[in-house]
Structures are given as C-alpha cells and as structure tokens.
C-alpha cells in the first residue's frame, strides 16, 4: 500500500515538472498558437476591409493629363459662320501660327502654314516715328496682336471670347489687333505739338467694336465686342485763358 502511494506521488511530481511553463513553449499547431493565428488573420482581414471602404469613399484623384484633355475640348464651329461678309473685320485673325507683328489691312482670314505667315510679316510694327517730311505724331501708340478670353459686348455685358476654334478638324486661334497709347504724356506738357500755355492735354486709348466669335455654353456665335483701336489726344482749355 505504501509503495503504491509513493508511486502515485512520484508520477504526480514528474507530470508537474514536465508541464509547459509559458505560452512561449507551446509547440506549433497547439490550440494556443491556433488561436493566435486566427486572431492575426481576423485583424488583417478587418484592416483590408477598412482600407477598401476608405478608397471607395475617397477615390484617387484624376491624372493631370486627363484633366487637361477634358478642359481642352474645343467647340466645333460651323463653317457657314464665316461666309457672311458683314462678320469680317481687319482687326480679327484666325491662325494656326503666331500672327504677324502688325496688321496688313486685310479682312478676316485663316493662316494655316508658315509661308502664308511670312507673307504677312512684311509690315512691321511701327511706333509712329519721324518720317521724311519732318512730321510727328501727337501721341505715341503701339499695335500688337493679342488673345482675349473675356470682353465687353455692345450691350455692356461681359462675354466669353473663344480662344481656340475647331473648324474643319483644324484648331485655329482667334487674335485681335489692338492699338493703345504707349505713354499718356509723350512730352512733359502732355501731347506733342500742343501749346501748353493755353491747353491741357494728354493721350488716351479709345475703343471701338469688332465682330468676334464668342461662346455661351456649347454654342458659338458672333458678337460685337470692344477692343483698343486708337490713341488720341484729349485737350481742354486752361482756365483764365480766353
């Protein structure tokens, strides 16, 4: 009987000594490691699900190239818009090339190649220099071709001017020949050649109306718009000089 008790006690002590002391000693495939693996997988799945939902709520921004392509879409213009002479103006030019430096006194036209452009560059920009007869301009002006995106129409309302015009699968740019004053006072007293003892004077830019191709929504149409077209001298009599 005593031997049996000793045997049971020794077996009990051996079992206690052989038991694992911590989870670090748990072999792979045991219930403890299985629970850890399941927990890790669940956390990973939840993280992926959260990330996917975030991407759906905040989609990736479009590439800059895509945005530029969308904004560069041109309105196709009916060629019939250019068949009426009353819409033509020598100060409006549609060209695929940069326009000549100065206007060549011609009606609205299309320049499609470099040869046509070179034929129009013969006339250079002039700032009203002294000529052979000793004549001077009262005011100094400068004339250049410009692009316009907005303007004021004949009713005084702002309008959108078409810069790019898609005509017969060719993209033209719309240019305007503007003239403006170089300096409001070409001489210290004001305008050149004005008797400053009796007159006040200064140079100012004036505007006139030309037909331009404008757009409203997706529709293109001709409208009168104001552009700078001249530099004139304004004079007023000095008080007390009668």
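Cβ from N, Cα, C; glycine included.
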According to Swiss-Prot, which listed range is region 'Disordered': 4-25, 26-47, 48-69?
48-69
Given the recorded positions 139, 147, 203, tell me which ones have a C-alpha lying within 10 Å of the C-alpha of residue 181 (disulfide bond).
139, 203
With every protein chain in view, how many other Cβ atoms are within 10 Å of the Cβ of residue 191 (disulfide bond)?
23
Return only the integer: C-alpha distance in Å from residue 191 (disulfide bond) to residue 231 (disulfide bond).
11
